[in-house]
């Protein structure tokens, strides 16, 4: 369990003002110049030592990602912050944008300095109107105070940060589709390689990081990599914001240590499952893109490795709780419809497969299908998984795979009930 003094996001629930004066009282922008004076290599190495892994879902080492940027590029380098949070069940970045904007902006400055980028873009979800307003106000305050812009914090480093609003496409959360959108084109994922670190925004070296990944950097540098690495578990270090929604008594966002038990997280912070733990049916532990877990597996630790072993994933940390009143087949069918709607249509397996899967899922919801179609559906998910340019195909396939893996008997009963009624 995370100690109060180890919390990074001390205004996560907006109890205090998010303006610059209040943010400074909470420790933001505290002698940032001294951190910059330590040099780029120090910052990258410290982030590496901390064990910070990307908080957007992939879990790749943040420091390692920064080290891929060229040291002496003839082209300008860019930092892009992915604030296009659109994953069903996920709202952690939204609260950072709302209530902790200066943590993000300070993190942008430090990360930009580390990778040699004089320009940073925050790409924010189009629907986040109020959050975009908060970020813009915070940027204006930071510019006025000399914290960013020319000679940021008096360090001699120039760093301009721009806010760019998206237009409501979930696919633009994929890093290369985001770059396409930022360039003014239709948001469609690029083939990799080349990777953004070599050929990113405007064909220049670019690093793309999640909001939470960037916002924790200033605290890591102030308190030290060893402090951050001491929280959580080996290879799964630090704190994480978890979003708990669904059939719980008190839905909430909470910052906790990586590796906390899923059951403890729900019972301590969300008031427990509606109707008690025995009324639990299943949980999606990491946003809609990861396979669900049945009640028998729901005391798993919330970290990358433990959830992978359990057959799911940490993803974004968006925990969706479903009690026994849930029509689990329809719940997953609803997610199938979401992915069908959000597919950009570039890859045939995803373009054709997501629609096909949704139509079959809706027949399974009614029971109007043959039992053989369950295996046929599973085979189609495996044909889509790993055969698309981006991970949206995987995201569409995994919820269905989880459903069939753990609730096949319920699907078969639904089919049997329909057949008996005819």
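Backbone N, Cα and C atoms are what each Cβ position is placed from, and that goes for glycine too.
Bear in mind that the values here come from a model prediction, so they are computed numbers and not experimental data.
In three-state terms derived from DSSP, residue 58 (NAD(+) binding site) belongs to neither a helical nor a strand segment and is classed as coil. According to Swiss-Prot, the feature NAD(+) binding site maps to 54, 55, 56, 57, 58, 59, 60, 61, 62, 63, an assignment based on similarity to another entry.
On its own chain, residue 190 (FMN binding site) has 176, 177, 179, 180, 389 as residues at least 6 apart in sequence with a Cβ closer than 8 Å to its own Cβ. Positions annotated as FMN binding site by Swiss-Prot, on the basis of similarity to another entry: 166-213.
Taken residue by residue with DSSP, residue 350 ([4Fe-4S] cluster binding site) is part of a helix. For 344, 347, 350, 390, the entry in Swiss-Prot reads [4Fe-4S] cluster binding site, with the evidence type sequence analysis.
Summarising the annotation, Swiss-Prot assigns compositional bias 'Basic and acidic residues' to 16-26. Beyond the ends of the compositional bias 'Basic and acidic residues' (16-26), by six or more residues, the same chain brings 10, 98-103, 134, 137-138, 141-142, 145 to within a C-beta distance below 8 angstroms of the stretch.
What Swiss-Prot lists as region 'Disordered' is 1-26.
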Binding-site residues: 166, 184, 196 - member with fewest neighbouring CB atoms within 10 Å: 184
Between residue 184 (FMN binding site) and residue 347 ([4Fe-4S] cluster binding site), the C-alpha gap once rounded to whole angstrom: 21
Spatial neighbour of residue 350 ([4Fe-4S] cluster binding site) that is closest, considering only the binding-site residues 60, 172, 196 and their CA atoms: 172
Alpha-carbon distance [residue 56 (NAD(+) binding site); residue 208 (FMN binding site)] in Å: 10
Euclidean distance between Cα atoms of residue 347 ([4Fe-4S] cluster binding site) and residue 202 (FMN binding site), Å: 23
